[in-house]
Each structure stands twice: as C-alpha cells, then as structure tokens.
Amino acid sequence: MSSSVSSKTRYWVLALAAIVLDQWSKWAVLSSFQYRERVNVIPSFFDLTLVYNPGAAFSFLADQGGWQKYFFLVLAVAVSAYLVRAILRDEFATLGKTGAAMIIGGALGNVIDRLIHGHVVDFLLFYWQNWFYPAFNIADSFICVGAVLAVLDNIVHRKTQEEKY
C-alpha cells in the first residue's frame with residue numbers, strides 16, 4: 001500500500017497546487033479590487049473583475065434562493081471523495097488520474113470559498129462586443145480541464161479495451 005500511495009503523490013501534489021493557486025489568485029483579487037470593479041487586460045476581450053457567485057461554475061443556479069450553496073458544497077465534497085477513492089484504487093489510467101486530481105483541487109478550492117465567504121469568488125471575464133461569458137476563476141478552470149482529461153482517458157481506455165476483444 002505504501003508504494004501505491006507514494007506512486008500517487010504527484011496527483012495529491014497537483015490537487016494541492018490547484019488549491020493553492022486558486023486561493024492565492026482569489027486573495028490577490030480580493031485584496032486589489034472593489035466588488036464589480038473591472039480592469040481591462042486585453043481590449044474588447046478579457047477583463048479582471050471581482051464578482052461573487054453563490055451558484056456553480058460559470059454562475060449556474062446563481063440566482064436561486066441560497067439552497068444551492070449547501071447543495072454544491074456537499075456535491076463538491078462527495079465528488080472529491082469519490083475521485084480520491086478512484087485514484088487510490090487505480091480506477092483510472094494516468095490521464096484520468098491527472099484529470100481527477102485537477103477536479104479535486106478545483107472543487108476543494110471552491111469549497112473553501114463557500115465555507116469562508118458563503119459564495120465563490122470569480123474574477124476572469126471574457127467577452128466579445130455585447131456577448132459576455134460568465135465570470136469564473138482558476139478552480140473552475142482546473143475542474144473543466146480535469147473533466148476533459150478524464151473524458152479523454154475514458155475514450156482512450158475504452159478503445160484500448162475494445163481492441164483486446
């Protein structure tokens with residue numbers, strides 16, 4: 001078991017790095033911006049801003065009555081626990097474990113926000129003319145990239161399994 005745990009250290013380091021990067025970036029924005037303040041980074045395309053999101057990634061369910069805070073808190077912890085178990089049991093190949101670690105780090109980064117602030121801190125705002133993508137944060141990015149890696153791992157693994165038969 002100890003060799004199994006030590007071989008997985010890189011995934012725990014990745015998850016921790018995601019949490020640290022996410023929390024540091026949010027601290028920097030909270031320390032430097034007023035609520036809804038915007039600073040243009042790339043004209044007509046990308047701003048830094050400070051907004052609060054009581055919903056999920058990309059403001060999903062943000063306009064609900066408050067129940068979603070607890071729902072997404074429990075969901076993030078449950079998904080993270082499942083993914084930790086899956087990594088420990090080698091249920092994924094390397095790409096899937098990397099994706100799972102990224103999802104864990106992103107999910108727990110947003111859990112920390114919900115516990116400390118009662119909402120998630122978002123600050124990355126992409127737009128084009130009158131079209132705005134919902135503001136998001138580093139944790140959301142880790143979750144999305146991790147999900148893509150997990151899906152790719154599943155596709156590759158499934159194809160490999162089919163080739164065996």
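Glycine is treated like the rest: Cβ placed from N, Cα and C.
Some features that Swiss-Prot has for this protein:
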- Asp122: active site (ACT_SITE)
- Asp140: active site (ACT_SITE)
- 11-31: transmembrane segment (TRANSMEM)
- 41-61: transmembrane segment (TRANSMEM)
- 64-84: transmembrane segment (TRANSMEM)
- 92-112: transmembrane segment (TRANSMEM)
- 132-152: transmembrane segment (TRANSMEM)
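For the pair Asp140 (active site) and Asp122 (active site), the C-alpha distance works out to 9 angstrom. In the structure as shown, the Cβ atom of Asp122 (active site) sits within 10 Å of 27 other Cβ atoms.
Here the transmembrane segment (132-152) sits against the transmembrane segment (11-31); at least 3 CB pairs are under 8 Å, leaving out pairs fewer than 6 apart in sequence. Sequence-distant contacts of the transmembrane segment (92-112) (same chain, at least 6 residues past either end, Cβ-Cβ under 8 Å): 8, 11-12, 14-19, 22-23, 72-73, 76-77, 79-80, 83-84, 86, 120, 137-143, 145-154, 156-157. Its own atom aside, the Cβ of Asp140 (active site) has 23 Cβ atoms within 10 angstroms in the protein chains shown. For the transmembrane segment (11-31), the list of distant contacts is 48, 50, 87, 97-98, 100-102, 104-106, 108-110, 112-113, 121, 123, 137-139, 142: same-chain residues at least six beyond its ends, Cβ to Cβ under 8 Å.
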